[in-house]
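Novice: Sharing a structure below in structure tokens format, with a few things to ask.
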Amino acid sequence: MRQHVNPLSHFFQLHNELPRPEDLFESIDLPIHLDIGCARGKFLIDMAADNAQWNFLGVEIREPLVFAAEKERIELGLTNLRFFFCNANISLEKWFLSLENGQLKRVSIQFPDPWFKKRHRKRRVLNQSFLFLLAQSLDIGSELFIQSDVISVMDEMTEIIELSHFFDRHSKYSESNLNANPFKFCTEREKYAIHQGVKVYRQLYFRNSTGIL
């Protein structure tokens, strides 16, 4: 079951400043994978343990999950991984400005809170403004991966991304939806959905050469 928090409430509108990359990771010359809405962080913990040539950052709006994820990261001694509590739509813009060109190589948004009621849809994490920030921060060829078990959420994310013209579907995964996760590991939510026989919708994009005016 998803545990929702309202990202538009006053508390979650406060800016939580994320450290600059050089203050986050031991090896700052490695590419960064940013996972937005990382939940308990099991996906990134597995990815970081298996990919020493990448740095990983997970951000999550539910603070207890961040505490648990960061505690496990420390226990495992993973220096190429960090977790932070923040509202991505509020706190990431300034952090993006601290990045060197080409430093952010992959962004994933996996199973975001669906906010089914029409009046609540403005709470969804991916909107046109936030996508514009991602397009500004990702170099040509960098990846954007999305997935959800709610078709209406997936359709909305796909529409926002493709109407922006900043991203193209990855040629290797150009079908309407990916049948399999392109990564070696899954999130907790994906494992649960698969176990329950729920269909998962996915798409992998890369940043194209369309400039930002």
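Any Cβ shown, glycine's included, is placed from N, Cα and C.
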Novice: Determine which of D35, D46, D139 appears in Swiss-Prot for the same S-adenosyl-L-methionine site as E60, N87, D113.
Specialist: D35
Novice: Taking just the CA atoms, what is the gap between D113 (S-adenosyl-L-methionine binding site) and D149 (substrate binding site) in Å?
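Specialist: Here the two Cα atoms are 10 Å apart.
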Novice: Including all protein chains shown, what's the count of other C-beta atoms within 10 A of the C-beta of D35 (S-adenosyl-L-methionine binding site)?
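Specialist: There are 24 such Cβ atoms around D35 (S-adenosyl-L-methionine binding site).
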Novice: By the DSSP assignment reduced to helix, strand and coil, which category contains N87 (S-adenosyl-L-methionine binding site)?
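Specialist: Reduced to three states, the DSSP call for N87 (S-adenosyl-L-methionine binding site) is coil.
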